[in-house]
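Participant: If you look up Swiss-Prot, you'll see 1-66 marked as region 'Interaction with AKAP13'. If you look up Swiss-Prot, you'll see Lys12, Phe60, Arg88, Thr94, Arg105, Asn115 marked as ATP binding site, on the strength of similarity to another entry. Among the features that Swiss-Prot reports, active site, pros-phosphohistidine intermediate is placed at His118, with the record citing similarity to another entry.
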Amino acid sequence: MANLERTFIAIKPDGVQRGLVGEIIKRFEQKGFRLVAMKFLRASEEHLKQHYTDLKDRPFFPGLVKYMNSGPVVAMVWEGLNVVKTGRLMLGETNPADSKPGTIRGDFCIQVGRNIIHGSDSVKSAEKEISLWFKPEELVDYKSCAHDWVYE
């Protein structure tokens, strides 16, 4: 199948604390994407610094790491046709004020510093992020019974 890919999605501490985990998972499942891995954890500062290494020179970096370390996160890997691009569209803009209603951030967020969810921005970054958060044996390969109803 063309463009079958995987993406990394993380529900941030504010999304967990606000009880939005089920709603977010529901949206990805209803779209037709397949969950292949999931963890509930409190990421260490060191792990978060690795994850956000491309932002290390930005003035908001220390606050971002502190915020992400402030509580548990739900780390997930989703698979599907064009899941990276479509997943980003489902999330909405990084700044919730620029997000359209119907997107996760458009429906549930107000400020950029509390935007409840992270999603890989490219296939390359998805591969990097997935390998940072999950071991290969933690990625479960299976065929969903809904597969033939979602894909031609």
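Every residue, even glycine, has its Cβ placed from backbone N, Cα and C.
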Participant: Tally the residues of the region 'Interaction with AKAP13' (1-66) by DSSP class, grouping H, G and I as helix, E and B as strand, and everything else as coil.
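Facilitator: Residue counts for the region 'Interaction with AKAP13' (1-66) by secondary structure: 32 helix, 16 strand, 18 coil.
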Participant: Taking the Cβ of Arg88 (ATP binding site) as reference, which residues of that chain separated by at least 6 in sequence fall under 8 Å from it?
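Facilitator: The answer is Gly119, Ser120, Asp121.
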Participant: Between His118 (active site, pros-phosphohistidine intermediate) and Phe60 (ATP binding site), find the distance joining the two CA atoms and give it rounded to the nearest Å.
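Facilitator: Here the two Cα atoms are 16 Å apart.
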Participant: Same chain only, sequence gap of 6 or more: which residues have a CB within under 8 Å of the CB of Thr94 (ATP binding site)?
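Facilitator: Expected: Arg105, Val112, Asn115.
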Participant: Average the pLDDT scores across the region 'Interaction with AKAP13' (1-66) and report the rounded value.
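Facilitator: Its mean pLDDT is 96.
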Participant: Going along the chain, which residues six or more apart from Phe60 (ATP binding site) have their CB under 8 A from its CB?
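Facilitator: For Phe60 (ATP binding site), the qualifying residues are Gly113.
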Participant: Within 10 Å of the Cβ of His118 (active site, pros-phosphohistidine intermediate), how many other Cβ atoms can be counted across all chains shown?
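Facilitator: Result for His118 (active site, pros-phosphohistidine intermediate): 20 neighbouring Cβ atoms inside 10 Å.
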Participant: Please find which two of Lys12, Phe60, Arg88, Thr94, Arg105, Asn115 have the most distant C-alpha atoms, given that the record lists them as binding ATP, and give only that distance in angstrom, rounded to a whole number.
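Facilitator: In whole numbers, the farthest two Cα atoms are 22 Å apart.
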